[in-house]
C-alpha cells in the first residue's frame, strides 16, 4: 500500500451548485441593501408625514384661535397683510430706506414665547410667505399698526437760518439811510423795521439795516464826547478872552480918566481956560485910543468903531479969596 501516490490529483472540483449558491448570496445581499435603503426612506417619509401632520394640526389650531378674532377685526387684518407684503417688496434706494420705522422689530418676542416660523406653499406659479405666531401676535401687530398711524416728524429737516446775501453800502445808499433815520427822529428813536420800510430798497433785508444801524449808533455815540469837549474848550477860551479884554479896557479908561483929572486940577489951579485943557487932553488921548482899537481888533479879528467916552465932568469952582 502506497502512502503517497505517485501523481497527485490536481483537478479542481468546481461544481455548478457552488455558483448558484454564490448567486443566491449576492441576490440576498442586494435585497438586504435595497430593503435597508427602502427602510431609511420609509422612516424619513414617516418623519415627514408626522411633521406635516403636526404642522397641519398647529395650523388648524392657530387658524381656529385666530378665526374668532378675525371676525371682529377683518379690516384690520387685511391692512396688516398688505403691510407685510409691502415690507418684503420694499428695497432701499441708494442707501435710503423707503420706510422710516423698522417694522420687523415688532415681530420679535421674548424668549418665553415660542419662536415664530415661516412656511412656503409652492404651486409652480406662486410662492407666498406667511407669519405663523401664537395668539399674542395679534396684540403686537395691533400695536405696530397704531404706532404707524400716528403722525411722525420728518426725518430729513431743511436747513435753518439761511444767510442773507452781502449788501454793499454805497454813498448814495448810506445817504438814503441817514435821511430815513433823521425822518424817524434820530438814531436813538429809529428802529430797523421802520428804516427798512421807509427806505424801500430792493434786495435790502432787515438784517442789513439792523447791522448798519448798530454801526451808525456806535459811531454817533463816540462822536458826542469829542464834540462836547471841543465846545467847552471854545467856551472857556472865549470867556478868558472876554475877561482879558474887559481888564484891558478898564485899565485904559482908568488911566485916561486919572490923567484927565490930574491935568484939569492943575489947569484949574493955574487959572487956564477949560477949553484949551480939553483940546490938550484929546490930543493926548489919541494914542491911547489907537492902542485900544488895535487890541480889540487883535482879540476879535475885526476892527470895531470906538465910541467916545462921556467927557462931561462936574468941576467945582475954586473958592477964591478976596
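All positions are counted from 1 along the displayed chain.
Every residue, even glycine, has its Cβ placed from backbone N, Cα and C.
Noted in Swiss-Prot for the protein shown:
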type	residues	note
DNA_BIND	192-217	DNA-binding region
COMPBIAS	17-35	compositional bias 'Basic and acidic residues'
COMPBIAS	224-241	compositional bias 'Polar residues'
COMPBIAS	299-322	compositional bias 'Polar residues'
DOMAIN	161-221	domain 'HTH myb-type'
REGION	1-35	region 'Disordered'
REGION	222-244	region 'Disordered'
REGION	267-322	region 'Disordered'
Under DSSP, the compositional bias 'Basic and acidic residues' (17-35) has how many residues in helix, strand and coil?
19 helix, 0 strand, 0 coil
Mean per-residue pLDDT computed across the domain 'HTH myb-type' (161-221):
86
Under an 8 Å Cβ to Cβ limit, what residues of the same chain, 6 or more beyond the ends of the DNA-binding region (192-217), are close to it?
164-165, 167, 169, 173, 176-178, 180-181, 183-184
What counts of helix, strand and coil residues does DSSP assign across the DNA-binding region (192-217)?
20 helix, 0 strand, 6 coil
In the domain 'HTH myb-type' (161-221), how many residues does DSSP put in helix, strand and coil?
37 helix, 0 strand, 24 coil
